[in-house]
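Take a look at the structure below.
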Amino acid sequence: MGFSRGIMELPLLSFIFLCMLFVAPSCSRYYTPPSVPRLTDLVPRVSTDQCFAKIFGASNIQLRNNGSSVDLTLDKVSGAGLVSRNKYHYGFFSASIKLPSGLTSGVVVAFYLSNADVYPHSHDEIDIELLGHDKRKDWVIQTNIYANGSVKTGREEKFYLWFDPSLKYHDYTIIWNNYHTVFLVDNVPVRELRNSEVFYPSKPMSVFVTIWDGSEWATHGGKYPVDYKHAPYTASFEEMEINGGILTPKATVPSSSKANVSGPDTAEGPEFIKLSQQQVDAMDWARRKLMFYSYCKDTSRYKVLPPECK
């Protein structure tokens, strides 16, 4: 009470200094993002219950709202995970997620595409991984891409978020088509990889939604593991959006052909195949203000940088 009353009596500059002292860097990273087109308004929502199946931690999966939403929980016994009932050759994939609050070091909440179940030695993967932190509000988003089993070449980029992701739902989105792969947060692009012959995911993938214990690496390289005295940790998902080319059940795996792919082509419409100048400017803003790690700048890790970094 006395501390808060004293704060009210301080001049503005003193208050700003205390903000920096006690809660920085969080308060300095909460920005108003640039205005961007709301691509999530263009894609229909899907039922979680109808589009996904449980893959682990069934007792920690709680469907809500007649199966349209789901809570995934990590506790001492298990994490939890879902996998899409279909595999996709390209598409628009989005989930509105509310992350656990409090101390969340070591916790990983992931929304990603993968075909490691079919191609264990040459799989593709497109990752959004939300990493808990040793501070109460500082979740980190890590993006990563593997193509044709290139798991020895991690292509991670890490960003701070410009909001507290535990207060309300925010949209996390992957666009993957023949033109580019884009990662977006609340419709703001944060990373784009254009299609090239050198490196690009090309085989059909499933969608995964998981929460799990990443104590060995997630927070400061494993310095801060999950502290289960703060468990359980629950991530809530709603407004799932999936639209793209579905691999038909009887089809063999296509290479570049779409002969065995069905489904609407919304994800390859004009709004999805190329970023507008407004989106490019927003992506530059996010990368300039919030990106704190890129594999393309990690010369201690890669003596010769991967070719796309050039």
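Just so you know, glycine gets a Cβ as well, placed from its N, Cα and C.
Here TrEMBL flags 1-28 as signal peptide. Annotation comment: TrEMBL describes 29-237 as domain 'GH16'. What TrEMBL records for Glu125 is active site, nucleophile. Residues or ranges marked as active site, proton donor in TrEMBL: Glu129.
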Checklist entry - Any idea what the model's mean pLDDT is for the domain 'GH16' (29-237)? => result 93
Item to check | Cβ neighbour count within 10 Å of the residue listed as 'active site, nucleophile' | outcome: 19
Next on the checklist: As a test of the contact definition, list every same-chain residue at least 6 positions from Glu129 (active site, proton donor) whose Cβ is closer than 8 Å to its Cβ.
Outcome noted: Val108, Val109, Ala110, Tyr112, Ile141, Gln142, Thr143, Asn144, Ala218
